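Student: This is the structure I want to talk about, given as structure tokens.
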Amino acid sequence: LAQSLFALFASSLAISLVFAIIPLCHNVVVLAVVMAVAGLAMGCIDTISNMQLVKIYQKDSAIFLQALHFFVGFGALLSPLIADPFLSDTNCILSNSTANASSNLPHIRKSLVPHHPGNLSHYDLPMKGMVVTRVSYAFWIMALINLPVPIAVFFLLYKERMVPCFNGSSHPLLSADELAMETRPTEKEDLSTTVQRPRAAGGHDDLFSCCQSKNFRGASYTYFAVHITGALVLFMTDGIVGEYSGFIYSYAVEEPLSVVHKVAGYLPSLFWGFITLGRLISIPVSYRMKPATMVFINVVGVLITFLLLLIFSYSVVFLFVGTASLGLFLSSTFPSMLAYTEDILQYKGCATTVLVTGAGIGEMVLQLLVGSIIHDQGSYSFLVCGMIFGGLAFTFYAFLLFFHRMYPKPSSDMDGASPDKPAVMDDTGQYQR
């Protein structure tokens, strides 16, 4: 737990520093390096926060994962609103031809639709002159907004006596007894779960324990199959999130829909808005519904939505309805899949790392793939790609259900547990038998 919190502190602090530095980068190579550091920090935060919620709350983790990803969507919805007042509607470089260049910008945007790049040489955009832009303020404001996060993580480290230099006088936020209440077995809970929980709740496992080869010795093929198929489902669904939010605007402004640019600009916001709404709704729903059922509803809903978008591809109204529907169905897929897969694999946290990595790769690869296909085949291929990805997500989920049935269930006598030997706690809050 201490290693995870230190990694979260360093990563969240790095993000504030990166956002403060971005406006000062006047070289594209330096900017690329800075952005790579930001991506690395965000990947660490994503993986560690999901993994620790799973290891701490285990069977209750679905609710906390839904809450976590609600705030992910809320941030994605809120951050463009913060940046928008600082973005210019005209060219950012003033010269004698600025007036003419500004009037040409709508035509240039129209010409930059992916598969019709057009000839831009006749548009006169000044490349030299006085730069007038306030976009730097947006980055600095985001850096300040993020700054309380590393401060809060450091405060948690301090209160839990995990900071080497400041562990003398502080009192932990929760005593060992209170922490143990999270993992105390109920009367209805089987003993196999009781034995599994203390090790995860204690938080003393090494952060990289999942990578140790000893954990894979004697593992059945279904152990690896569950990891792979779970990661492939998220590869597809998170890839759909990335490619849909990235290209829905370009699809809408092209024929046959030819939506007005300003109206088409609302589509990505609508998509992320309903993702955020869906994650908020999923918090109470996940308390009543099993994660496996939620993932099934999600992947089937995505598949049906893309099918209807293809059927009603000439309807602007249904494009908005379908975008909202797609956001709702995709909203809870990631946290529900995490909870479901970790439930199969006894909450060791290793599956979380694999699934988060698979989702990140999918979000990157499918955007590149769809962008190149739209460029060559036209805008209609955007929906066809979504339909194919949705079908593959459903197929991989069916394989996951199959491997779940094949996966060996934990035995009730694991680690020498017996019904006449109840779990007790020592002074450190750890269970002993």
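Placement of Cβ uses the backbone N, Cα and C atoms for every residue, glycine included.
TrEMBL does not curate its annotations; it predicts them automatically.
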Student: Write down the single range among 181-203, 411-433 that appears in TrEMBL as region 'Disordered'.
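Tutor: Checked against TrEMBL: region 'Disordered' maps to 411-433.
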Student: Same chain, outside the transmembrane segment (223-251) by at least 6, Cβ under 8 Å from its Cβ: which residues?
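Tutor: Distal contacts: 113-114, 216, 257, 264-265, 267-268, 271-272, 275, 295, 298-299, 302, 323, 326, 330, 333-334, 337, 340-341, 344-345, 350-351, 354-355, 357-367, 369-371, 374, 379, 382-383, 385-386, 389-390, 392-393, 396-397, 399-400, 403-404, 406-407.
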Student: Which of 263-281, 293-312, 318-340 has the most Cβ pairs closer than 8 Å to the transmembrane segment (380-403)?
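Tutor: So the stretch in question is 293-312.
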Student: Count, for each of 30-49, 263-281, 318-340, the Cβ pairs lying under 8 Å from the transmembrane segment (293-312), and report the range with the highest count.
Tutor: 318-340
Student: Are the transmembrane segment (352-374) and the transmembrane segment (30-49) close, by which I mean at least 3 Cβ pairs under 8 Å that are 6+ residues apart in sequence?
Tutor: yes
